[in-house]
Every structure is written in structure tokens, then in C-alpha cells.
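Peer 1: Shown below is the structure under consideration.
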Protein chains: 2
Amino acid sequence: MTERGLLIVLSGPSGVGKGTVRKAIFESEGNEFEYSISMTTRKKRIGEIEGVDYFFRTREEFEELIAAGEMLEYAEYVGNYYGTPLSYVQKTLDEGKDVFLEIEVQGAQQVKEKVPDGVFIFLTPPDLVELRSRITGRGTDAPDVIDERMRVAREEIEMMALYDYAVVNDQVPLAVTRIKDIIVSEHFRVERVIGKYRKMLEEL
Amino acid sequence: MTERGLLIVLSGPSGVGKGTVRKAIFESEGNEFEYSISMTTRKKRIGEIEGVDYFFRTREEFEELIAAGEMLEYAEYVGNYYGTPLSYVQKTLDEGKDVFLEIEVQGAQQVKEKVPDGVFIFLTPPDLVELRSRITGRGTDAPDVIDERMRVAREEIEMMALYDYAVVNDQVPLAVTRIKDIIVSEHFRVERVIGKYRKMLEEL
């Protein structure tokens, strides 16, 4: 009996450094999870490689996959689609391997609905830790500027509520270690292992 | 505002090696949690030190503390009381420090009722992993022996259901690393940090 792998989702507000942290994780040693490459309709940038950075597809191709129910999640962002093809994720989880996604918050919400037992990690901007000074600034900012900062902070905090973990991206190597520790620890959660033991007993 | 510390509870079936693992954790580096010393009515053994290994008390003293509601948990085991005095745990958690308990399963159940947001770690015997061979043995064991092993295994698995994590004690250093990783990771759980952010926003 192969145990199903864990689905690990890294997300967070745009600009928080999800891509940088994800790259640092996959450049580090001792990872026992596979990276699920995203699909996009945006133009390939110089240096980017098909099937490494992204799967590059036309808008028509992408919309066909959506219609066929073959996207685990997708979102439109600045006029382009970004998403996760379902087939690779399913196959890899079925083989008992963990899959790591780094996606936008809209997409993470879709995954949460489809795979509630995934591990959802929210990357937090470092200055969310110093909310007060970030929002009130130097005390000379206009009330509407402060209000807008309040709104953004409130939005980020409420986004966080959908996740299992919040990791501060204060220093990339620290964020990497925290995320890798979380992934290891999640394998020891009772709800993930007890079924295996119960099944073994029943089968005796 | 000081955040309240985490209550960490290590328990498991008797004979699984809880004490050995706990000692190895506290002999290791980089722990940011305090050990809560248990109280007992059993006789001090040679080499044991009051206030280090245990708080040694008479049966009468122990029962007075129970009656006064000053035990977080206690259990009777082979004719002696073992338990955790409440005052030290409260004080330390209030100071924002994590507290580590290593206790019997009866006691862990009491703590779970009183402090449901603690981190409950179940130490698993290594042979629970090889349930089948452990229970059926070499195929030459009497049916009643096999039945008894089934009963014990079933009991252990159902005990596990009350916990957050199950860690196999196959090798002490591995169990130590797993438990320390779990404690670090638990600090990043959204339900433990989101209240702090919400409160900061409200206070602005």
C-alpha cells in the first residue's frame, strides 16, 4: 500500500517573494518533494525555459484545459492566465510523493476547496510584523494614506486565516528552513498516519 | 503584550521510552522551552535530586494539592501518584515561554481537556510500524496470545487519536529531531499568530 503524498501550497500577497523563497527551497539539499511547474499564457521571458520555469501555452489551449476540468487551480493576473495542471499533481501524489505548489492567493483558495487536507503556508511580508509603524508611518501621512494601508493589512490578515501556517519572509534562508521544517512535521500529524494503522489492524 | 507560551505534551504507552527521549531533548542545544518537573509520592531513588528529577511529596501533601485544584494533571501508577503542579506551568506560559511536559497517557488526557490548544505528541513504539509481524509473530503463537497483542495495538492506536502528532521512537536522536521540529513549526500555525495581528489592527 502506497501512502498518498502531501500537497504543499506556498502562497502569499503579491510582491512578498514567493518565487525567490521557492527557488531557494529547491536549490537546497534534502528535499523529498516534487515541484509542480505552473502553466501560463504570458510570453516567455529571456532565459526562461519551457517545462522548467513554466509550461507556456496559448490562451486557447489554456481555456480548453479549464473547460476540460484539467486545471487544479488557475487565476488571471495582469491579463494572463496562470495555473496548475491537475494530471501531474494527481500522478505524483498517487505515487506517494509530496508535491509543492507556489501559487497566487486566488489559486490557493481553489486548491483549499478541492484538497482541504493539503498543507497551506502563507508567506508574510516582514513589515506585517511591525504593523503599527508600517501603517501610521512617521506620523506625517495623510489620513487616506493610512486608511489604505489599514485596508491592505486587514486584507492580508484575513487571507492568512485560510492557511495552516504563516511564515515571515524576513530573511530568505530563515523562511526556507521554517517551510522545510513545517513540511517534515506535517508528516507526523496523527490524522495523516492513524488511518494507515487502523487499516493494518483491519487487514489482519 | 507578551504572547502566551505553548504547552507541549509528550506522552505515549508505558515502556516506549518517553523519559529517555525527554532527557535527550533537554541535553540537546537550542531549546527554547522549559521543562516542567513532575511531582510524585514514590520514594526517591539513589542519585535522584529533589526539584531536578521530581518534586518528592508525601501522599497527604499530594492529595491536598489535588483537593485545592493545584494539579494540572495527575495519575496513580503502581500505587504512587505522579502529576504536574499547575502554578509553575501557568507562570511560565504567562511569561511567554513554552513549557514541556513528559507525562503518562492518563495525565495527557486531563491536560487535553484543560488546555486543548496545547501541542500533544504521542511517542510510538517502533514495532507499531510493523504491526503485522508483531501481532502474528512467527506464525506459531497461540490464538489468545495474538488476540492480546491485537487488543494492545488497538488500544495504542486509539490513544494516538487524541494527539496532534505521532512520532516513532525508532532511534532516540531521530525522535528528538522530529519533536524539536514539531515544536518550532507549531509556532507558525495561523491560529496561534492571527489573533496577535488582529489585535494590533484593532488597537491602531
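All positions are counted from 1 along the displayed chain.
Using the three backbone atoms N, Cα and C, a Cβ is placed for every residue, glycine included.
What TrEMBL shows for this protein is this:
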BINDING   B:Gly12, B:Pro13, B:Ser14, B:Gly15, B:Val16, B:Gly17, B:Lys18, B:Gly19  ATP binding site
DOMAIN    B:5-184  domain 'Guanylate kinase-like'
Peer 1: In this predicted model, what is the average pLDDT of the domain 'Guanylate kinase-like' (B:5-184)?
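Peer 2: When the pLDDT values over the domain 'Guanylate kinase-like' (B:5-184) are averaged, the result is 91.
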Peer 1: Are there any residues in the same chain, six or more apart in sequence, whose C-beta is under 8 angstroms from the C-beta of B:Pro13 (ATP binding site), and if so which?
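Peer 2: The answer is B:Val105, B:Pro125, B:Glu156, B:Met159.
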Peer 1: For B:Gly12 (ATP binding site), just count the other CB atoms lying within 10 A of its CB, please.
Peer 2: 26
Peer 1: With a radius of 8 angstroms around the mean position of the C-beta atoms of B:Gly12, B:Pro13, B:Ser14, B:Gly15, B:Val16, B:Gly17, B:Lys18, B:Gly19, what other residues of the same chain does the ATP site pick up?
Peer 2: B:Leu123, B:Pro125, B:Asn169
Peer 1: Here are some binding-site residues: B:Gly15, B:Gly17, B:Gly19. Which one has the most Cβ atoms within 10 Å of its Cβ?
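Peer 2: For the binding-site residues B:Gly15, B:Gly17, B:Gly19, the Cβ with the most other Cβ atoms within 10 Å is B:Gly17.
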Peer 1: Excluding near sequence neighbours, so keeping only residues 6 or more apart in the same chain, what lies with its CB under 8 A of B:Ser14 (ATP binding site)?
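Peer 2: Result: B:Glu104.
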